[in-house]
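Sequence annotations record features per position, and here TrEMBL assigns 3-amino-2-oxopropyl phosphate binding site to Asn14, Arg25, Asp222, Gly244, His245. The active site, proton acceptor annotation in TrEMBL covers His50, Glu81. Among the features that TrEMBL reports, 1-deoxy-D-xylulose 5-phosphate binding site is placed at Arg52, His57, Thr116. The site 'Transition state stabilizer' annotation in TrEMBL covers Glu167. Residues annotated as active site, proton donor in TrEMBL: His221.
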Amino acid sequence: MNSLGIHKTALSVNINKIALLRNTRHLDVPNVLRAAELSLQAGARGITVHPRPDERHIRGSDVFEIAALMKDWPDREFNVEGNPLQNLMDFVRDLSARGLPIHQCTFVPDSHDQFTSDHGWSFPHDLLQLQPLIAQAHARGVRVSLFMDPVPAAMAAAKQAGADRVELYTESFASAFNSAHAIARVGTHAHARAQLQTVLARFVETAQAAIDVGLGINAGHDLNRANLTEFLIAVPGVQEVSIGHALIADALAMGLDASVKAYQACIDSAEISVKAKAENTVNLSVTSA
Ligand SMILES: CC(=O)[C@@H](O)[C@H](O)COP(=O)(O)O
Ligand SMILES: NCC(=O)COP(=O)(O)O
């Protein structure tokens, strides 16, 4: 956090989709480990993987190979996502037992055959089953982030469960952003812009509710180069964005190094805007005193 109380948002590159392409041939091409290394060399502050039970993309072996790579990058973070009621805790325990780094685990309530992550945890229903699992991760020195829908009232329960952070599930923002920026018929555009502001307001309220109870804030899902800066300008205190699908798709056109740097530029742009707004507020309060 800088002197104006502005967090530097860390970019964690999710490499699920590199593994998805790799799994379509028995050639180890593209190489998942190399993609992780290139992302770190390009400046990514972390790597995220989501080893789903069906291994449709990230395999168990990938998790241990990337963790071993992260030992060479002590100032970067490894974030492993998954359902702690399925296979995630096995990775938390095994990585820890082998002395391999895992800085954060993100609890995601996905079913085995889910197309993609599309909802967060439900409180108070999930609270009692999550508490001991969060404690197990903490006992191994692993930060816990809970994948959550933007519901301000759920933040207190996430804190009560023992979470360190919440990851705001940003699909509803991405969808509203697309609608607002689509070439719309006259009249619908104003409605779409209003709807985007309504959705953003919900994320701002949720982030403030998380801050108020002492939770850190991550964000992710369907973030891209078009919507990332607007989200980070609007939503306070985002410490990490984990981005995969769009970043890897962009890499197909511009290369992975350039894609990572382009997303970092979106983060930097948001920070400059937020800092300028904060300095302007300070100046105005001084001149009006
Ligand atoms: C939890 C989340 O939103 C993503 O990190 C998730 O990893 C996406 O999973 P797929 O890459 O399998 O769509
Ligand atoms: N937690 C979100 C993530 O890791 C990547 O989501 P996406 O950018 O692939 O939608």
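Cβ atoms here come from the backbone N, Cα and C positions, even for glycine.
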For ligand 2, list the binding-site residues among Arg25, His57, Thr116, Asp222 whose CB atom is within a distance below 6 Å of it, in sequence order.
Asp222
Quick check: which same-chain residues outside Arg52, His57, Thr116 lie with their CB within 8 A of the centre of the 1-deoxy-D-xylulose 5-phosphate site CB atoms?
Asn16, Leu20, His50, Asp54, Arg56, Ile58, Gln114
With respect to ligand 1, which members of the recorded positions Arg25, Glu167, Asp222 satisfy a Cβ distance under 6 angstroms to one of its atoms?
none
Could you give the Cα-Cα distance between Arg25 (3-amino-2-oxopropyl phosphate binding site) and His57 (1-deoxy-D-xylulose 5-phosphate binding site), in whole Å?
12
How many other Cβ atoms are found within 10 Å of the Cβ atom of Glu81 (active site, proton acceptor), counting all protein chains shown?
26
Which secondary structure state does DSSP assign to His245 (3-amino-2-oxopropyl phosphate binding site), in the simple three-class scheme?
helix
Sparsest Cβ surroundings (other CB atoms within 10 Å) among the recorded positions Arg25, Arg52, His57, His221, His245:
Arg25
Three states by DSSP: which one describes His221 (active site, proton donor)?
coil
C-alpha spacing of His50 (active site, proton acceptor) relative to His57 (1-deoxy-D-xylulose 5-phosphate binding site), in angstrom:
8
Far apart in sequence but close in space: which same-chain residues, 6 or more away, have a Cβ under 8 Å from Glu167 (site 'Transition state stabilizer')?
Thr106, Ser145, Leu146, Phe147, Met148, Asn218, Ala219, Gly220, Ser242
Which same-chain residues, if any, lie at least 6 apart from His50 (active site, proton acceptor) yet have Cβ under 8 Å of it:
Asn14, Asn16, His57, Ile58, Val80, Glu81, Gly82, Val108, Ser117
Measure from the Cβ of Asp222 (3-amino-2-oxopropyl phosphate binding site) and count the other Cβ atoms within 10 Å, all protein chains considered.
19
Between all pairs in Asn14, Arg25, Asp222, Gly244, His245 (listed as 3-amino-2-oxopropyl phosphate binders), what's the biggest Cα distance, rounded to the nearest Å?
26
Near Gly244 (3-amino-2-oxopropyl phosphate binding site), meaning Cα within 10 Å, which of Arg52, Thr116, His221 (recorded positions)?
His221
